[in-house]
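Peer 1: Dropping a structure here in structure tokens format, bear with me for questions.
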């Protein structure tokens, strides 16, 4: 597992990276994570999140535009454990998570706005691999996202940690 330090990436690639507005917190078991972006756009319905974490996620990060909702959790312990089992590097969720005491022990990166104990409805509503924008940054499927306890950033191409 590669370790990323976002301040070092910003210093090495200042003209390449976009940094998300500082509103995310680390809820996962990895201090840092990075990979190719897979996007979901949904609102208080995590049906597509459930579908995606059941697929192979090696080298990928699931970026979920949950509309910034603070009323439902888009990720909990069971889906996080599936994501870890299927090799996902992490998830960036513009929304809430739950089961935070278990998430912090799960081998997957999770950046989200807050915790909330209420689960979502599963109505099968949402869009997969569409361009999404939140926190002042646009996320395009196939680009790259990197996160640690300092913040989250996006790059159009893969980045190497400087020596």
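Keep in mind that glycine also has a Cβ here, set from the backbone N, Cα and C atoms.
It should be emphasised that the depicted structure is a prediction, and the values quoted were computed from it without experimental measurement.
Pasting the feature list from Swiss-Prot:
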BINDING   76, 77, 78, 79, 98  substrate binding site
BINDING   99  divalent metal cation binding site
Peer 1: Which residues in the same chain, at least 6 apart in sequence, have a Cβ under 8 Å from the Cβ of residue 77 (substrate binding site)?
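Peer 2: Residue 77 (substrate binding site) has long-range Cβ partners 98, 99, 102, 103, 106.
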Peer 1: Hey, does DSSP put residue 77 (substrate binding site) in a helix, a strand, or just coil?
Peer 2: helix
Peer 1: Which chain-mates of residue 76 (substrate binding site) that are at least 6 residues away have a CB under 8 A from its CB, listed by sequence?
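Peer 2: The answer is 97, 98, 99, 103, 119.
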Peer 1: Quick one, of the binding-site residues 78, 79, which Cβ has the fewest other Cβ within 10 Å?
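Peer 2: So among 78, 79, the binding-site residues given, the one with the fewest Cβ atoms within 10 Å is 78.
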Peer 1: Hey, of the binding-site residues listed (98, 99), which one tops the CB count within 10 A?
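Peer 2: Max Cβ neighbours within 10 Å, all protein chains included: 98.
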Peer 1: Hey, for the substrate site built from 76, 77, 78, 79, 98, who else sits with CB inside 8 A of the CB center?
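Peer 2: So the additional residues around the site are 73, 75, 80, 81, 97, 99, 102, 103.
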Peer 1: Can you tell me the three-state DSSP label for residue 99 (divalent metal cation binding site)?
Peer 2: coil
